[in-house]
Amino acid sequence: MTRKQKRLAVIGSGMGFLALAAALTFYALGQQTSYFYMPSDLLSQPAAAQERIRLGGLVQQGSVERGQGTHVSFVVADGQNGVPVVYDGILPDLFREEQGVVIEGRMGPDGVFVADTVLAKHDETYMPREVADRLKKDGLWQEQ
Amino acid sequence: MSVELGHFALVLALALALVQALVPLLGARLGSAPLMRMGEPVAITGFALIAFAFAALVLAYVQSDFSVLNVWENSHSAKPLLFKITGTWGNHEGSMLLWVLILAFFGALVAAFGQNLPPTLRANVLAIQGLIASAFLLFILFTSNPFIRLERAPIEGRDLNPILQDIGLAIHPPLLYLGYVGFSISFSFAVAALIDGRLDAAWARWVRPWTLVAWAFLTGGIAMGSYWAYYELGWGGFWFWDPVENASLMPWLAGTALLHSAIVMEKRSALKIWTVLLAILTFSLSLLGTFLVRSGVLTSVHSFATDPTRGVFILAILVFFIGGALALFAVRGASLAPGGLFHPISREGALVFNNLMLTTAAATVLIGTLYPLLIEAISEDKISVGAPFFNLTFVPLFLPLLLAVPFGPLLAWKRGDLPGALQRLQFAFWAAGAAAIASYFLIDRANAAAALGIGLGLWLVFGALTDLAFKSGIGKVGPALALRRLSGLPLSMFGTCFAHAGLGLTVLGIVSVTALQAEKILTMQPGQSTEISGYTLRFVDLRPFTGPNYTEDRAEFALGTTRGASLGELVSSKRLYTARGMPTTEAGIRTMGLSQLYVSIGDRTPAGLVVRIWWKPFVTLIWAGALVMMGGGFISLMDRRLRVGAPARRKAALAADGGGTR
């Protein structure tokens, strides 16, 4: 191989690697991102079955019910609509009724959202930003 | 009074930083030595002033001076002294002050120890440092001033976020900032070289130790942040691919690439233009990280308050420095003479491969981190990019790099001998392979990926040791001679070995926890027992306890092996910090060898207390490996041939020991 060919080979393999990286990234962005929904969104445009999504809203007053062992069910609401949620595990420290919450999981065929993660908040004033933005937009919540 | 003095010192520091930004630069343009020399005393005085301002703020915290807004918002008189001190930077304003303190510290180091630098280069470097300091001091004084007084002083403060009331706050932020901000030196050197239009091996000799210092601290800072999150948040995870974590990972990846390309530039004067570009990109990613974390575009424990003016201000700083440096690079970069040629299979080739992998990996992290912000800006759709994305992109891109690491140090400069390197790595290959096969059959037959991962980690460790063994002739010459040769090897070789082996240990820890950990969630009544991975845990009782500024419910567990031996008590608790009325989970962790048993408790239900138990095999290796990497960085720094000192002294030292090889 001449020097020029060698250099081309090196540059070519480098480009090939970058192309691979770009392909992986695009594929992953298409497959592995989850959209954020509020309960009203879910009713107007239901998520595809088994699609992993994030659901945000307020934990409805009086809806938290503890079942067998570590099973918990509650309703996430946005002032207009509510979605029933089931979860098995330890709830974050700041999980309370009437507080903002973001959960991740999939919508079951029976209309019950099966959560695999309930996102913890880190301080008492923090409202999940997605939830706060939407509630403000709909005029349902004001910053103190 | 001291608060006003601190405020005044900070304003003075801004004035000095502006002088530092302009005068030496002008001096370098005009060729005036006195103007150029002004940078040094100004940089050192500026550092002293910022240190004074910082001390004044710490004092206000220690004295619980609630007439200062910042202290009132983030402190409490009942807080233990350590947390009063560390609370100084446990908020937006204080942490920005720590940021510029460290920036000024690095600038002062260049001023104090840069006597052997070419005068124009030194003047330009100090000017760029002064420019960065000016921007951030302006930011602090106009949008994030920690010295604002309240008209009427409240009696009690609002306390610090309880999650931050931990020894971790004393360690993680200072280490992380020493790394993040340390890269500003490499950046200033790169920009100074572009202004000068001159770039030689001496430049690389200077940049490399600074990069090494920053890299070592950043490694430690990220690891300590990870361990802190692991034990404090009670979820038992060590890395969440949270945007804030990514913000620190990106400069680390780029900085690691820079560290390696600077070696090529120093030894072979190749990759010059690329090294300069990397130096700019690395600090740009640090700035981007500062923006992401401090502007409030992300919500996390790190973004303390959201104030839109702050975000815009940091964004302007970001655009100015990154845009300016890249524009300068575009104009001047091409004029830098390209360096030596090399064969693809060579040390240089291996380091180019390293750079390609690391920068691509950094790019995927960047895309994953910024994509949701971009989508939200364009379409108002809110999406989240989490672990699945990074597992699909970052991990496969990083694997070939890990496989290739042991080859690098074994290849010669210019033209390497791949079959020879393969032969030398035989032992490492078979040892790692045997361990992988053994773990496949002994631990978990269903999990081939885990076995391969364990093999990969050991391959890195053994591969790193092979390099030392080969260079000291272990196995070829007698043990006495080999030992003598080993002790005669330059420290930088030990540094490389430690850093690569540390990486292997971290990989081992990550693989074993990810693949082999056991988890159990259940409800327990007092007296009830459960078993996990050969241990029994008996729930004794739940008792109330009162701490200095919190109350807690302590769940006491009796720990033992399934064979009946007692291992004492384990306490896991739920705390309520009274000032903010904020609950936290304090996990109970017992370290056994390199593994840990991790217990966190949830709510009390009619069926009993919700308890979550993990067995985390070899989990401590994740952070121990990072500390070994950090240690490798410092060992390498101690190598007198790479001293932060100077080219001139280096020549003298080389002459003294008869001229080194390499």
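Just so it is clear, glycine is given a Cβ too, placed from its N, Cα and C backbone atoms.
What TrEMBL records for B:6-30 (among others) is transmembrane segment.
If you look up TrEMBL, you'll see B:42-62 (among others) marked as transmembrane segment. Sequence-distant neighbours of the transmembrane segment (B:42-62) (same chain, 6+ residues past either end, Cβ-Cβ under 8 Å): 2-3, 5-7, 9-10, 12-13, 16-17, 19-20, 23, 68, 70-71, 75, 81, 84-85, 87-88, 94, 97-98, 100-101, 104-105, 107-108, 110-112, 126, 129-130, 133, 146-147.
According to TrEMBL, the feature domain 'Cytochrome c assembly protein' maps to B:89-295.
Residues 10, 13, 20, 39-41, 43-44, 46-47, 50-51, 53-54, 57, 88-89, 122, 125-126, 129-130, 132-133, 136-137, 139-140, 144, 146, 173-174, 177-178, 180-182, 184-185, 188, 210, 290, 294, 644-645 of the same chain lie 6 or more positions beyond the ends of the transmembrane segment (B:96-113) yet place their CB under 8 Å from a CB of it. The transmembrane segment annotation in TrEMBL covers B:96-113 (among others).
Taken from TrEMBL, the feature transmembrane segment applies to B:125-142 (among others).
The transmembrane segment annotation in TrEMBL covers B:175-195 (among others).
Outside the transmembrane segment (B:207-229), and at least 6 residues removed from its termini, the chain residues within Cβ reach (under 8 Å) are 106, 166, 168, 171-183, 185-186, 189-190, 237-240, 245, 248-249, 251-252, 255-256, 258-259, 262-263, 266, 275, 279, 282, 622-623, 626-627, 629-630, 632-634, 636-637, 642-644. Residues annotated as transmembrane segment in TrEMBL: B:207-229 (among others).
The transmembrane segment feature in TrEMBL is assigned to B:273-292 (among others). Same-chain residues lying 6 or more positions outside the transmembrane segment (B:273-292) and placing a CB less than 8 Å from one of its CB atoms are 99, 180-181, 183-184, 186-187, 189-191, 193-194, 199, 204, 207, 211, 243-244, 247-248, 250-251, 254-255, 257-258, 261-262, 264-265, 298, 311, 314-315, 317-318, 321-322, 325-326, 329, 333-334, 336, 338, 355, 359, 362, 366, 369.
Positions annotated as domain 'Cytochrome c-type biogenesis protein CcmF C-terminal' by TrEMBL: B:315-640.
Taken from TrEMBL, the feature transmembrane segment covers B:352-374 (among others).
Per TrEMBL, transmembrane segment is recorded for B:394-413 (among others). The list of residues near the transmembrane segment (B:394-413) in space but at least 6 beyond its ends in sequence, with Cβ under 8 angstroms from a Cβ of it, reads 267-268, 342, 345-351, 353-354, 357-358, 360-361, 364-365, 368, 420-421, 424-425, 428, 456, 459-460, 462-464, 466-467, 470, 493, 496-497, 500, 503, 507.
Annotation source TrEMBL lists transmembrane segment at B:425-443 (among others).
With a cut-off of 8 Å between Cβ atoms, the residues of this chain six or more beyond the transmembrane segment (B:449-470) that come close are 399, 402-403, 405-407, 409-410, 424-425, 427-429, 431-433, 435-437, 439-440, 443, 486, 489, 493-494, 496-498, 500-501, 503-512, 514-516. Residues or ranges marked as transmembrane segment by TrEMBL: B:449-470 (among others).
Long-range contacts of the transmembrane segment (B:613-635) within its own chain (CB-CB distance under 8 A, at least 6 residues past either end) are made by residues 212-213, 215-217, 219-220, 222-224, 226-227, 230, 236, 238, 491-492, 494-510, 512-513, 516-522, 530, 532-533, 535, 537, 591, 594-599. Here TrEMBL flags B:613-635 (among others) as transmembrane segment.
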